[in-house]
Structures are given as structure tokens and as C-alpha cells.
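Have a look at the structure below before the remarks.
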Amino acid sequence: LPLPLVQSPSPALPDAKFINPDWVALHTSRGYESQPHKLFMRTTVFVADLLVYIPAVILYCFSLKETSAKKKVSSALCILLYPGLILIDHGHFQYPLSLGLALWAVLCLSHDWDLLGSVAFCLALNYKQMELYHSLPFFCYLLGKCFKKGLKGKGLVLLAKLAGTVLVSFAACWLPFGTDVEQIMQVLRRLFPIDRGLFEDKVANIWCSLSVLIKIKNVISPRTQLKLSFAVTFLSLLPACIKLTVQPSLRGFKFALVSCALSFFLFSFQVHEKSILLVSVPVCLIINEIPFMATWFLLVSTFSLLPLLLKDELLLPYAVTTPAFLAVCLASFSILEKTSAEDLQLKAFSLSLKGYVSWVKSFPRIVRSLFLLSVALMGALSVLSVAAPPPQRLPDLFPLAVAVVSCLHFLLFLLYFNVVMLWDSKSRGQKKIS
Amino acid sequence: MAAGGRGWFRALALGVSFLKCLLIPAYYSTDFEVHRNWLAITHNLPLSQWYYEATSEWTLDYPPFFAWFEYVLSHIAKYFDPQMLVVENLNYTSRATVFFQRLSVIFTDTLFIYAVHECCRCINGKRAAKDILEKPTFILAVLLLWNFGLLIVDHIHFQYNGFLFGLMLLSVARLCQKRYLEGALLFAVLLHFKHIYVYVAPAYGIYLLRSYCFTANNADGSLKWRSFSFLHVTLLALIVCLVSALSLGPFLVLGQLPQVISRLFPFKRGLCHAYWAPNFWALYNAMDKALTILGLKCNFLDGTKIPKASMTGGLVQEFQHTVLPSVTPLATLICTFIAILPSVFCLWFKPQGPRGFLQCLVLCALSSFMFGWHVHEKAILLAILPLSLLSIQRAKDAGIYLILATTGHFSLFPLLFTAPELPIKILLMLLFTVYSFSSLKSLFRREKPLLNWLETIYLIQLVPLEIFCEIIFPLTPWKQHFPFVPLLLTSVYCALGITYAWLKLYISVLTERTPVRQKAE
């Protein structure tokens, strides 16, 4: 990846050599893990967080429209307290730059600074190719905007400007790698490990969950696997993308970010557990619109990371931050009271189902009990994963159980987010443009 | 945030408990092994052996109630890891051991939380504010529950100060609520948990005598000798004797009292701890060192007559001063006694109810800290926590509190010298200091500024001092030859601040004009 390579030597070199030359010796520093070194690396993650991700969150929350100051502060607090990102960035160790830059891109787009937004997103994309999960909504939204402005006038100008910006950003990032096609192909091959197969390890993916019933890897050939996953992903993306292109609205854009990333996560190949963060961060963006479902989703996403966290010995931070997050969300948004159809933005949907459904009356109570049941189930599984030894015949029982439970939740969430987006009424969409 | 009432208190308590849980894997000092050893001793050995056992260097040197406390804990410990209860398992630190001990500290802190709740109930601030964040009780709760010093000493360095301070604050609260007997009982029990609280015993004694045994005052506020109540005195004496009997009785019967006393008061240790507590003797030592160096340079002193090993070598033994006269334990006792006297007199002759008592308590704690023998720097918490109760009531006390708390907390930094704890301690310190300054400033914004320019400059200078000690000094070549320099600098600089706060508090107490009417606060 062009960007991370540029980023890592520059802040490290002046300080590290001065502090301890052992750290930067290229070949001998592999696996080097003394305490001051760990502290240094973790401090760089913290600084990156402070400079990129946290300002983006704060600015985003404060530029939210139609929310009181108190709600803005509580939204910012809840987003920053999201356990998944904290645990992965500062526990597992990862730089929050790609997500931060993507967030900046969303921020720019919400202020109508399209060019700046696309530059930010290109940088994010060149930092981590996982951001491709978000690329389709960006593309469709900007395309839709161009269409709206009319292809014969301003729209075409905007389109040209955007295309130019993207090309220049990409060129700037890839230039150091020269123009040798072979080298570029090598980089691409590393970025997209198609040969590795449909999934690795236990991830809350549909393929992994299906493999409990039928061993997909044995039934279908690798090429067909690839085509199948590509087709299913594409099909599940289609409704949201079409709606976004036809009716570009900021709200729709945010929901599309969520549903597209979730589709990719569920159906794509070689998905890593950490990719759920690419879905969680957009969900954080809509936390003030649908606090209940957002909180629920964020809890499930943290839960789905449990096997990874256990491997990294992050059980205690997980056990502390997750209840803390739930407590803060409960207090800030009083989510348990906001479970009616209207609060869940399902009004339009339920209206079109009016003829067929009579359960609407006790809907809030059902939803609330489902939520409590789900939280109880996740809590129980967490405790079991740690306390009980798995049976002899099924050594992977608990990671697999975590993956399957999360996957079922994610499927329901995918359905929900798509429904909300597609039934987002026309009048609402028009009012909320830009 | 939470719906009215005491929701905010619950939120604060829960939040700080979560933070304490996150600190479970942090660095712990040798005090961890001390307590593990005591768990093992009390679990395995009979009572008669408790104060004689010496397999480990960390012998039992707290009063019997604390030993009983460890005994009770040990019965829970055996479900976590029975191996930690083996006396010979020195420095045994399995995961379960660490988890159990840390959890026990967090759990016993509930007493502290309850005590803070009671204090908030009986302390009325200056005015009732509409916004929760401006209420004096809210500020007090944060200053006590989230106290930086208590957090790092208890939950990182590892000690059981939480519930002990809980007992003390609870006894203060009871005295404020005029439930004298309960207050006396709680303090007596506390003394038998940790004898360091004898520093503040004079305040309790004089206050109880003055306000409880003499039940009424004359119209002008002076003592009415006639109102002496034998009943009250008897009750108090009964309580003290009963508690002492429960605690020391078994050892008295076994004839082990001298051994217990010698374990509790180890005078073989030197005037100062390895890291000089920032008290008067730190300044005294520094002065002695400076004069020595000056004397050597000007050839007033003979270089061969000076002992090589200096007090700054970090060893805990008895050393002689070179230029200034050496200090004996008796001398420190006399100094402490003289230092306490004015505040005690003030409490006797100008009683001002609970507030006067609190002032005397803080002054006793501070004076003992200033002049005591072998004082630990952690003892500064004994002064800081009660002072928080005074700080939300008057602007003058708030100013003194800010100086004392900031320098006191800063002087605790050398306790956590490991690299991973550096960000934690700096971040928590910043959070606490910024909050205490901003909240107290906004509480007293109608009065003149809390700190004058000299005090502000002094406090700001702590930042460059910290940068120098932690970051710059380790990178210089002097680290090899003079490793004690950061400790010395921290100690002396904080000693200046603490001495200043002590003097200022004393002066404000002595020059306070007694109000015409006795106000019950």
C-alpha cells in the first residue's frame, strides 16, 4: 500500500534513531518487542488517533443539524467510546488512519465540498484497500449528484472535475512505485489475495456460517467460489446503489455506506474479522438518527470480534468497555424507550404493509425483548468462551458459535438497513438534500 | 445525563470502578507481595505466630484488625488460587493472584464510595446551583471518588487505602451529623486497622472532649466547665477500651505486646524513606547537602571526614548529617508536637463546630507529615482528602487545596517509574488537575482569584520539571553518576509547595475571626 509505507518511516525516523537505534534496523528489528518500543508504537497510534480520527468525529457531531447541544456531545461521546475501534486500534494494534480519512471524506461531502471529499477518500483508499467497501456508495452518491445537476451543464463539469481529482490523487500515491506494469501487478496481487480462498478462520461471514452445514470449499471449485461470492455481493448491493444514484441524499448516502459495507462483509471473499469496523464506523454516523438499532449493531459488532480479542488477551478491556458503552448509550439516548416503529424509521415500511400486519401494536415491546434476549445471549456466550473448555470433538465450538450468532444478527441488520433506505420517502429525501 | 436525583453519583461511582477494572493489568509494586504474604501468614499460621513470622522480608507491620481483614480475604482467596496462600511462595504472581488482589481493592472501595455519599449529604455548599455540574456536592464527589492520588496508590501501586479512607471520611461525616459515638467508634476501629491515622488522633480527641464531653458553651463561645458530662466521657472511654481490647487483647494475653509494638513502629529505619517524602526533613537534607558541597569547595570541611555513602543513595538506613545537627526520632516527635499545638489550641479555645474540627484534622495530618519520622510520601493523601471537604466551602481553602493537591499528587509520580505507566499517570493527573482547577474556579467565580501569580507560576513550573525528570534526564550522561537527581529535585520542589500550603492554612486558621453566632454546618 503506497500510503502506509510513506507514513511509517517519516514520523519514526527522527525520533526512533535518537531514542534507540535498534528499533529501526530493518532486518534485525523483525519481532523486536521490548517495552519502550511497544510504548513508542502505541503512542504513535494514539497520536494518529488524536490527529485524524478524533477531530473528524467531533467535527461531525458538531455539524449535525436538528440536534441539541447535549445530544451532540452525547453522540460524540458514544462514538468515541465504541469498544470495537478502541480495542482493535489500541489493543490489537492498527492505525485508525483509513477510517479517519474516510470519515473526513464523509464530513466534506456533508458540507458539499465534493472535491476535497474525493481527495480524502482516495487517500483513505490508497492507505487501505479495505476502503473499497465504501467506494460504491461514494461513487453512486457523487454520480447521482452529477445527474441531478443535469448531464448537459453543471453536472458534466462536476463529473469531469471529480474524475480529474481522483486520477491525480491516485497518480500522486502510486508514483513512487514507478510506472513498471509488472511492479504494479505485483502490488495488486498482494492487495487482493484471490488465491487464498473464500474464507480463513472463523469470521461472521455467510460463507463461514454456511460451511457449518455444507462444506462449500469442497463442493465448489475456487473459480466458481469467486464468481458466486462476486455475484451475491453485487446483487445485494444493487438496490441500495440504484436508489442512491437516482435519489442522492446525505441520509441515503450514510445508510448506503452501512448497507454496502455490510453486504461486502457478509458475502465477499477473504474477509477478516476486523472489516466489521468498516461497517461500524458508518453506523456510528447514524447513531443520533436510530440510536436503538445503532447501539444494538455496535454491540454485536464488538461481540463478533471476541475470538480475535481473546487471542490478543484483551478479555478484560472487552469486559469493561462493552458494558460501559452500553451504559453510556442507555443513559444518553434512553434507547429502551425508543423502540417504536416510528423511532426505528420503519413508519413508511409498516404503512405499506398495513394490510397484512396486525402486530404493529406490540411492536415496541417485541423489539425491546428481542434486544434484551440478544444481549443476554451475547453475554452468555462471552462468559462460556472464557470459562468453559470446549468439548473434545468440537474444539472450535465457541468461536464458531460467536461467528454464527453474529452472522445471523448481521443478516437481519442488512435487511433492516436496506428496508429503511429503500422506503426513505421521497419528500423526506428532498428536504434533506445536502 | 441520568434522570435527576442521585443518578449522577451512581454514574460517577460506576465510571471510576470501570476505570479501576481497566487498571488491573498495570504495574504493581512490592506492596503486592506484602499483602500476598500477609494473606498466607494469616491463613496458615495460628494467631500466636502472626507477629513473629519472618520467612519473607515483608513482615506483618499493621495492627491486628488489618491482619483479621487479610484473614477473611484469604478464605475467599483460596477459591482463586490456593498457591498464593503458601507462605514459602515468595513473589508468587499468577494471573489469578493478581486478579483476586486487585478485585479485592476495587470491592473494598465500596466502603469509600458509601463514605463519600455520606459526606456529600452532610456538607452543604455555598449555594444551590441549577446545573448538576456546578453543584458543590457534585464537585466534591468527583474530587474524592476520582482522586488521582488514591487511584494510583491503590489501584496501580497497590495498597488498601480506599476503605481505610472510607472509614475516616465516614467518621468525619458522623461527627458532622453530631453522631459522636459512631464517629468515635469508627475512628477507634480505623486506628486498629492502620496506625498511621494516629497522626490525626489529637484532632479527634480534643474535638470530642470539647464538643461532646462538655455539652454546652457560654454565650460568648467559651467553655462552660460546669457542663462536663461524665456519662459521655465514660461512653467514649468504653468504646476506645472495647475496641482496643478486641484488637490487642489476644496479644496481651499471649504476652506478645512488645513484639507487636516493635513491629508496628520500626524506628530502626532512617529519617527519610528511600525517596524523600517532600516534608521539612527533605529540605533539611537538601540544605545539609548544599552546605556540605559549599563547605568542601571553600575548604571549611575536611573531605576525609565525610561518610561516603550519602542519604541520596536510596538506602533505608540511619545516616548522620554532615553540617547540620543529626535528627533523632525524639527530635521529630518534639517538632511534630510543637507543630500540632497551635491548631489544637485553636480547636479548644475557638471551636467552630465540624468545620473547625476538619481544619484541625488537616493541620494535624500536615504537621505530622512535615515533621514525622520516616514518613511515606503516600501520607500526603491523609491531608488532601479531608481538605477536599473544606475546599468546596470557602475560596481560601479552595486555593490552598489546589496547591496542596497538585504538588502532593505530583510528588507521588516517582512511585510509578515504569514506562507503560507514564502515559497513564500523566493523563490521569492532567484530567484531575484540570478538573479541580476549572470546577473550583467556576464555583468561586464571584470572589477574587483563587491563586496569586506566584503560586500559579510555581504550579506551572511543575510541567518543565516533569519533562526534565522523565524525558530529558534519562538521555543525558549524568544518569550514570547521579541517578538520584530527578528524585531529589521532585522531592525538594514539592516540599517547598507543601510547606507553603501548610503555612498558609495555619495562618488562615489562626487569624480566622470567630463568628458571633455558632453556625451548625
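Glycine too: its Cβ is placed from the backbone N, Cα and C atoms.
Any TrEMBL annotation is an automated prediction that lacks curation.
Over in TrEMBL, the protein carries these features:
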{"type": "TRANSMEM", "residues": "A:39-62", "note": "transmembrane segment"}
{"type": "TRANSMEM", "residues": "A:74-95", "note": "transmembrane segment"}
{"type": "TRANSMEM", "residues": "A:101-125", "note": "transmembrane segment"}
{"type": "TRANSMEM", "residues": "A:155-177", "note": "transmembrane segment"}
{"type": "TRANSMEM", "residues": "A:252-269", "note": "transmembrane segment"}
{"type": "TRANSMEM", "residues": "A:276-303", "note": "transmembrane segment"}
{"type": "TRANSMEM", "residues": "A:315-336", "note": "transmembrane segment"}
{"type": "TRANSMEM", "residues": "A:370-388", "note": "transmembrane segment"}
{"type": "TRANSMEM", "residues": "A:400-423", "note": "transmembrane segment"}
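Three or more CB pairs closer than 8 A are found between the transmembrane segment (A:155-177) and the transmembrane segment (A:101-125), so contact between the two stretches is assigned (pairs 6 or more residues apart).
Spatially, the transmembrane segment (A:252-269) is not adjacent to the transmembrane segment (A:315-336); fewer than three Cβ-Cβ distances between them are under 8 Å for residues at least 6 apart in sequence. Counting only same-chain residues 6+ beyond the ends of the transmembrane segment (A:370-388), those with a CB under 8 A from a CB of the stretch are 292, 296, 299-300, 303, 306-307, 310, 315, 318-319, 326, 336, 339, 398-399, 401-402, 405, 409. In this chain, the transmembrane segment (A:400-423) does not touch the transmembrane segment (A:315-336); fewer than three CB pairs sit within less than 8 A of each other, excluding pairs fewer than 6 residues apart. Of the ranges A:39-62, A:74-95, A:101-125, A:400-423, the one with the most Cβ pairs under 8 Å to the transmembrane segment (A:276-303) is A:74-95. Beyond the ends of the transmembrane segment (A:74-95), by six or more residues, the same chain brings 4, 7, 41-42, 44-46, 48-49, 53-54, 57-58, 61-62, 64, 67, 274, 276-277, 280-281, 284, 287-288, 295, 298, 301-302, 305, 308-309, 312, 314, 317-318, 321-322, 324-325, 328-329, 332-333 to within a C-beta distance below 8 angstroms of the stretch.
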